[in-house]
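Colleague: The structure under discussion is supplied below as structure tokens; questions concerning it will follow.
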Amino acid sequence: MGRRARGRRFQQPPQPEGEEDASDGGRKRGQAGWEGGYPEIVKENKLFEHYYQELKIVPEGEWDQFMESLREPLPATLRITGYKSHAKEILHCLKNKYFKELEDLEVDGQKVEVPQPLSWYPEELAWHTNLSRKILRKSPLLAKFHQFLVSETESGNISRQEAVSMIPPLLLNVEPHHKILDMCAAPGSKTTQLIEMLHADMSVPFPEGFVIANDVDNKRCYLLVHQAKRLSSPCIMVVNHDASSIPRLTVDVDGRKEILFYDRILCDVPCSGDGTMRKNIDVWKKWTTLNSLQLHGLQLRIATRGAEQLAEGGRMVYSTCSLNPVEDEAVIAALLEKSEGALELADVSAELPGLKWMPGVSQWKVMTRDGQWFADWHEVPQGRHTQIRPTMFPPTDLEKLQAMHLERCLRILPHHQNTGGFFVAVLVKKAPMPWNKRQPKVQNKSAEAREPRVSSHVAATEGNPSDQSELESQMITGAGDSETAHNTENTESNEKKDGVCGPPPSKKMKLFGFKEDPFVFIPEDDPLFPPIEKFYALDPSFPRMNLLTRTTEGKKRQLYMVSKELRNVLLNNSEKMKVINTGIKVWCRNNSGEEFDCAFRLAQEGIYTLYPFINSRIITVSMEDVKTLLTQENPFFRKLSSEAYSQVKDLAKGSVVLKYEPDSANPDTLQCPIVLCGWRGKASIRTFVPKNERLHYLRMMGLEVLGEKKKEGVILTNENAASPEQPGDEDAKQTAQDPCVPDSVPGCDAAAAEPSR
């Protein structure tokens, strides 16, 4: 039977126009298709209400407010990237232009609430409004504001993030020297906050600390990479492991192998998500207590694994978007009991003034899906022991329970500050975990040589933290056969010799997910680097050993850079970790680079990291020069100011740095520095800046972008456009062939732009 015949065989008979389909909730089908859309989800769940009323986590007299807030849509929130020097300028632009335009504005009969700052977030860098994402996307009255949000989000200057999810990174108290592990990082909004805190001092291109962001889902790891890339940090590594058995890493310290313990750990575990009902309305019809019972064990294993890898004196934040004590206090109580005093709950009540929260509870009951309650483990019948575990109940020893101080946990209720529901607990490590006390902190070289390496697949499938600890204990004490030790020793020596961090040469179990390109550090004697060093007059302090590529064969097209600390992690753990991405792009090969003195041009992604080390080919430009460079495709030298022209005319062709320094004596001008990558051609100059970043700089300088569609090109006047007879055309042709050239700026012209400041 042919394909068409098969299709006709199973076709439904035609339905008369306007006839109702009972299977689709009474919707009618007309000529234009289904009318009325899908039936709305009823925001009711009797089991949910019965469960939480019985637990009494909502204060007396507030239940109706609590339920009413859950049925309301979640307000939109945004956070300004705090570490960037442009944060104040973005805040100024938001408050004095976009927010003012929202005053007295109505959309679909609803008055638009002017965004207000979150009272508990520092420096007014987080704001919320009653505008939902749907209204922002659909309303033409808000098109300009929506375009601003999308563009600035892509540039990494703004993050649209739920208010309560901003809390855990703030409570970690991150400092630039901290080594941080984000155990369940995707989609990455909290990870970006952690990166911001590492780069609090913009004058330091390479902080001593770093963030290792992990997620068990291989596909979500790439979403995580996209989020992290917006911040252009050399101190972030994305890895793909099961958080409950994430491998313990080692680093080289003065020739010795030391176990890597983290100063800060974010443990934002998978949960039932009943605190997200305001945005995930599916939870209303799918919620049962079975979700929490099934997740409790995984949550406890992840938290235990995090506690094992936390340094003494370090801080770990455990968080969920669930209000259920089985996922919250029960996990914390079980972890504290297992730690035997090694962990304690920190009192963070004064750390976020303005935040409203409820203290953790010390008594709760467990309910099954069919509504049966149990107050104690001994009440649970034998047939339910696999579903309900002892760790789901509060400790029976009242003295031990009081010593845990579960009231120090924070539970955020939706109706208190118009947010989602959330739970946070901050743990401090006072001593090694009881089962880790016998493990030596430092491994010598002979012990390391005997250490059997574990493939990432084995580590990712190990489910029990205690078993994992036992395995690591054997690894550290040197258990393993001599053949494995011999192979490991050879592998390590090869790693140090060629700097390749990729799959081991010996046959290993196949990893799941996509195969990643290797991370190959460039040897210090590589002939590729001296021309770069000479062309840009790099400072002697430039850490050239931190440069890497993603290929072992052929020409190196792109050079990336990581911090010294992440290089140490990569070189010593290549067989333990499945690394998805790390490093930022700092140089790209030119298509015809051999014609110039240097085959590599600068990449905008890494320019703020590289700039402190560059001593040549820097052109200081004015604000008007920046406007010209960002709104015209290939402006001739004569379009620049006399100061900039005098600098550029004597330079050889090739990549340049364009630097704008703010004038403090003129407060009406842009008050933050700008560093751009450019190309000095034969008679013209251009910038290599991505589209959204261009739009960002233009807005900060008071120019309004007029076009909205991506297909609208740069509006160039006749005097700006280079004709085929003009000398600038050769440069335009050269840059047009370069795959790294960014998109044009849509609908933006310096002459037509209207001031917004």
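Note that Cβ sites are derived from N, Cα and C of the backbone, with glycine treated the same way.
Predicted, not measured: the structure shown is a model, and the values here were computed from it.
Annotation comment: Swiss-Prot describes 1-35, 436-504, 716-757 as region 'Disordered'. Annotation comment: Swiss-Prot describes S23, S139, S456, S473, S592, S723 as phosphoserine. Taken from Swiss-Prot, the feature SUMO2 cross-link applies to K46, K510, K515, K585, K639, K653, K659, supported by similarity to another entry. Taken from Swiss-Prot, the feature S-adenosyl-L-methionine binding site covers C184, A185, A186, P187, G188, S189, K190, D215, D242, D268. For C321, the entry in Swiss-Prot reads active site, nucleophile, with the evidence type sequence analysis. Here Swiss-Prot flags 463-476 as compositional bias 'Polar residues'. Annotation comment: Swiss-Prot describes K585 as N6-acetyllysine, evidence class a large-scale study or a structure entry. Residues annotated as N6-malonyllysine in Swiss-Prot: K585. Among the features that Swiss-Prot reports, phosphothreonine is placed at T717.
How about a rundown of where these features are and what they're close to?
Modeller: For K46 (SUMO2 cross-link), no same-chain residue lying six or more positions away in sequence has a CB closer than 8 A to its CB.
Long-range Cβ proximity for S139 (phosphoserine), meaning a same-chain Cβ under 8 A and a gap of 6 or more residues, is found for V107, D108.
Counting only residues at least six positions away in the same chain, the Cβ atoms of A213, L223, L224, H226, Q227, A228 sit under 8 Å from the Cβ of G188 (S-adenosyl-L-methionine binding site).
The number of other CB atoms found within 10 A of the CB of C321 (active site, nucleophile), across every protein chain shown, is 24.
Look at K585 (N6-acetyllysine): DSSP puts it in a strand. Of all Cβ atoms in the shown protein chains, 17 besides its own fall within 10 Å of the Cβ of K585 (N6-acetyllysine).
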Colleague: Drop a 10 Å sphere on every Cβ of the recorded positions K190, K639, K653, K659 and tell me which sphere holds the fewest other Cβ atoms.
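Modeller: Checked K190, K639, K653, K659; of these recorded positions, fewest Cβ neighbours within 10 Å: K653.
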Colleague: I'm trying to understand the geometry here, so how far is the Cα atom of K639 (SUMO2 cross-link) from the Cα atom of A186 (S-adenosyl-L-methionine binding site), in Å to the nearest whole number?
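Modeller: The separation of the Cα atoms works out to 46 Å.
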Colleague: Measure from the Cβ of A186 (S-adenosyl-L-methionine binding site) and count the other Cβ atoms within 10 Å, all protein chains considered.
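Modeller: I get 23 for this one.
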Colleague: To the nearest Å, how far is the Cα of K659 (SUMO2 cross-link) from the Cα of K190 (S-adenosyl-L-methionine binding site)?
Modeller: 31
Colleague: Cα of D242 (S-adenosyl-L-methionine binding site) to Cα of K653 (SUMO2 cross-link): how many Å, rounded?
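Modeller: Cα of D242 (S-adenosyl-L-methionine binding site) to Cα of K653 (SUMO2 cross-link) measures 50 Å after rounding.
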Colleague: Do you know offhand how many angstrom separate K190 (S-adenosyl-L-methionine binding site) and C321 (active site, nucleophile) by C-alpha?
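Modeller: Just about 13 Å between their Cα atoms.
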Colleague: Just how spread out is the S-adenosyl-L-methionine site if you go by the largest Cα to Cα distance in Å among C184, A185, A186, P187, G188, S189, K190, D215, D242, D268?
Modeller: 20
